[in-house]
Every structure is written in structure tokens, then in C-alpha cells.
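*Asks:* Okay, handing you the structure first.
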Amino acid sequence: MRLGMVIDLQKCVGCGGCSLACKTENNTNDGIHWSHHIATTEGTFPDVKYTYIPTLCNHCDDAPCVKVCPTGAMHKDKRGLTLQNNDECIGCKKCMNACPYGVISFNAATPHRRWQDDSEVVANGTVSPLMLLKRTGATATPNENPERGDTYPMIRPKRTTEKCTFCDHRLDKGLNPACVDACPSEARVIGDLDDPQSKVSQLIKLHKPMQLKPEAGTGPRVFYIRSFGVKTAY
């Protein structure tokens, strides 16, 4: 099995719902985005073209982050996903430097530490972040998802790296990654690239797919088909 993803740019509306769903599902800290995007604006008024390409870990066949990791923290699982054993991460950032896509993040500070602030924004008028955290019964952030902790630390610790896992904890339960289910236009499909009958394989066969930075030779498993269709003319 080789899990991969197809993103149909013609269906994508650039809403960012995938990124919001990812942050909610995976408890990522401020400024850390497992699901992100490349947005470009071309042309001059009144003929302007806007393009939006969602990005995430490509779970490459020949993942450079796995090759350079000195402890084996970055590794491949039986589905071909590029995963990380956070307990073995020493924070050396070699994986970050090796990744040609810039999709690996580093926790330079303790994640979600703003929720440990016990000062009220408005004295006697609002609760403090810490008070709100305690009222929800959460440990790190009020909207934390404990299910993320099934296969990976629920909150990744300071001085470790982290990245998209294709929501492996959801895959284990037969569910799609959060970004796939959240997409309002169903632009994302995940499936087995080794199965010629899978939807991802059929889409790749039907359309001429694109991969990000193919010249890097990493064998990315995220494929893009068709083109983002927003063009504004006044």
C-alpha cells in the first residue's frame, strides 16, 4: 500500500477550510501550519489572476527528512506515510533543512503557553486565559482534541519538530484526514496509489497530474489536477 492524495484545483475555492480543520484536529500551535497554501496574484488591474495551491507534507517515496534524521525519529510506516516518533526527536532541525517543501515546523517555545497567562484582559470584566482553560477541563488549549494523542503527542513539546501525518490516528479508525472531510467542494481525495481501481489512481489516470518541485526527486505523493479557476476582470 502507498497512500497518496489528489487535490483537484478546479474544485478548490481557496477557502482555507482544510487549514482550519487541520489546526483543530491536530492542536497545532500559533504559527505552525501542517496544512497551508501557496497563493499568487498575477497581472495588473483590471486583468488580475489569483491562484491558490493547498500544501501539506507530501509523504515522499524517497523522503529526505527520513534519510537525514540521526535518531530514526522520522520514519516510514507500512502505508508509506512519513511519520515521526516525537520521543526520539532531538530538535536538530536536520529534517527541516532537508525538506524541499518547507512543511516541517519547529516548536521553539512551549506550545500554547498563552493559555497559562492568569491576567485578565479587562480587570473584573473577563476571565483570564488560564481561568478559561481550567473551566473547560483541558490541559493545554481550551479546544484541544484528545484523539490526536492516540498515535502522536497531543501537544508536541518544546524544541521538537512536527508535521502533517495524513491524520494517521483517523486513518487507523477508517476515517479520512480532517482536511479531506472538511473540504466543502470535495477537492481532496485520499487512497492507495498501488491500487489501479482506487479513486486517486483513477483521477491521476484521467487528468495530467502535477507535483510540487518534481525536480527534487523525492517522489511526492500529493498530486494536483486541473487548475485553480478564479480570474477577476473588472
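Any Cβ shown, glycine's included, is placed from N, Cα and C.
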*Asks:* Quick check: of CYS18, CYS22, CYS99, which does Swiss-Prot put in the same [4Fe-4S] cluster 3 site as CYS57, CYS60, CYS65?
*Replies:* CYS99
*Asks:* So Swiss-Prot lists CYS22, CYS164, CYS167 for [4Fe-4S] cluster 2; which of CYS69, CYS179, CYS183 goes with them?
*Replies:* CYS179
*Asks:* Within 10 Å of the Cβ of CYS164 ([4Fe-4S] cluster 2 binding site), how many other Cβ atoms can you find? Include all protein chains, please.
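*Replies:* The Cβ of CYS164 ([4Fe-4S] cluster 2 binding site) has 27 Cβ neighbours within 10 Å.
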*Asks:* Using DSSP reduced to three states, classify CYS167 ([4Fe-4S] cluster 2 binding site) as helix, strand or coil.
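*Replies:* Assignment for CYS167 ([4Fe-4S] cluster 2 binding site) reads coil.
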*Asks:* Within 10 Å of the Cβ of CYS92 ([4Fe-4S] cluster 4 binding site), how many other Cβ atoms can be counted across all chains shown?
*Replies:* 16
